[in-house]
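Taking it in order: structure first as structure tokens, then the write-up.
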Amino acid sequence: MEPQRSPLLEVKGNIEVKRPLVKAPSRLPLPGSRFKRGPDQMEDALEPEKKRTRGLGTAPKIATSRPRAPALTTVPQTQGQTAAPKVPKKTGPRCSTAIATAAAPPMLGGKKPSKRPAWDLKGQLCDLTAELKCYRERTQTLDQENEQLRDQLREAQQQATVLGAERRTLEGELARVQAQAEQGQQELGNLSARVLELEERLGTQESLVQELQKEQLGLQEERRGLATRLEEQERRLQTSEAALSGSQAEVASLRQETVAQAALLAERGERLHGLEMERRRLHNQLQELKGNIRVFCRVRPVLPGEPTPSPGFLLFPSGPGGPSDLPTRLSLSRSDERRGTLSGAPAPPTRHDFSFDRVFPPGSGQDEVFEEIAMLVQSALDGYPVCIFAYGQTGSGKTFTMEGGPGGDPQVEGLIPRALRHLFSIAQELGGQGWTYSFVASYVEIYNETVRDLLATGTRKGQGGECEIRRAGPGSEELTVTNARYVPVSCEKEVEALLHLARQNRAVARTAQNERSSRSHSVFQLQISGEHAARGLQCGAPLSLVDLAGSERLDPGLALGPGERERLRETQAINSSLSTLGLVIMALSNKESHVPYRNSKLTYLLQNSLGGSAKMLMFVNISPLEENVSESLNSLRFASKVNQCVIGTAQANRK
């Protein structure tokens, strides 16, 4: 460090080199450590205190009514001297600025005092003492002002706190006022809508009042008219009262007549019931006179594309009454090329004559065929079991006779839909006499001695193994087919739907004689139940309509493939069941003790419709073609045997 020099040597050096005093700071000791710096240095020392004072006033400036103390820009004069002006701050060293400020003597009377010589240290000390005193006074003034500012700051902060609370209060009040304003606006909108609604209702009420006024005028007019009519009615009432006395005597006489008519009606009801019973008895007697086993023969017409038979192949001789009699005979001629005369000429054709209960030539329609069996069908309503079946070779028209042709043409409807329509009609007529009837239908087929349900739907289609023929209950004579559908029917549309479903499920195949041949026996059974509740009478009987399978003989020398073997098995099963049917009919005719019903599923199912208490009708269907003459002769011979059978008197199933 540089050795400390004496202040006198320094003043001397300044005089010699003529350098200003500012360059060499004075090293004179001053009393008190706080006053060792110049005025600017003291001001700089006071600067942090001012900054601290300003730091306390970070709150926003608030105007108050209290006057702010003036800024101290000058130092008050002391001992006739004027305080030195504040020298602006420089960016140089703080010590240089302080020395330069201290070197400036105080001004007296606005004039610059003369510079003391360097050796006049006492004068300089006096000047500095005076200046220090000025600064002390200035400091006191600044402290007072600072204290005033702090008081003002505290007051301002208190006012700010109060104003903040007032502001928050006013903000809350403003929010409430705004909410009230919005609510008032909403209520105003609601009131406006309500006013519009009330105006509309007022308009409506006004129009309604006008209408009511008009209606009131009309009612007044009507009231006057009614008053006039009332007067007229009163006059008529008086007239009627006069006539009433005369009518009462007439009513008394009519009541007596009504009692008499009721007695007569009851008597006639009894008589009508007796007549109905007599009708049923005579009807049954008529059917018995015709035979409990009747055979009808029907010849189908020649179809398009088939050869026309020779003129003498089929003949229908007239009865004893001439052409007006219904045909009952048929004559079929057959020529045998293997036979010849001695002269070598071919032998004349052999003629075969057959006689049945009725013969239907090829031109006979479905309505004509049904008309002949309508009375027999009606016997089922009277409680007699009825069985009608069609027999014949394949392609002879059995299915057409029983079910009808395709397309839904009413002219070609078969016996099944016609029979049910007839039964529904007669049952409705008998309903007027107190009878109520219910009908339950089932439709099965017997294919290769297996029973199948033709009314099965869904996954049960074609599943014949599940159907078996069983007794309805212990000790019951009624037979039923297990797992078969029994559908209640009451109208023709329901029957048509069942027939349509059965056609889709029935087993058919192509054969040598028919493109679409039925390879199974189809059995349509209708269980009829009747009741007369007033008299406690009940009756029930089945109506069986059977379409037997067609048969054809296979050539023994023909090579049989898988399809032909299947047809052969079908033909064997069909012929076996048809043979059993013939044996059952013969056993019934001969009154044998044992009737082989169980030899075939067909005869076992029809057991109750073939016995002595049943009425049976067989249609034998034949083809008009000469190529089928052998099969036609076999069918006609079988039908003739059946026609010669006589079964005991039928009995109605009544309770």
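Each residue's number is its place along the chain shown, starting with 1.
Backbone N, Cα and C atoms are what each Cβ position is placed from, and that goes for glycine too.
Feature annotation from TrEMBL assigns ATP binding site to Gly392, Gln393, Thr394, Gly395, Ser396, Gly397, Lys398, Thr399. Among the features that TrEMBL reports, coiled coil is placed at 132-292. Look at TrEMBL and you will find 315-327 tagged as compositional bias 'Low complexity'. Feature annotation from TrEMBL assigns domain 'Kinesin motor' to 292-645. Feature annotation from TrEMBL assigns region 'Disordered' to 24-93, 315-354.
Structural mapping of features recorded in TrEMBL.
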| residue | record | CB count, 10 Å |
| --- | --- | --- |
| Gly392 | ATP binding site | 28 |
| Gln393 | ATP binding site | 23 |
| Thr394 | ATP binding site | 24 |
| Gly395 | ATP binding site | 24 |
| Ser396 | ATP binding site | 28 |
| Gly397 | ATP binding site | 21 |
| Lys398 | ATP binding site | 26 |
| Thr399 | ATP binding site | 25 |
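Averaged over the coiled coil (132-292), the predicted model has a pLDDT of 87. Residue counts for the compositional bias 'Low complexity' (315-327) under DSSP, helix first, then strand, then coil, are 0 helix, 3 strand, 10 coil.
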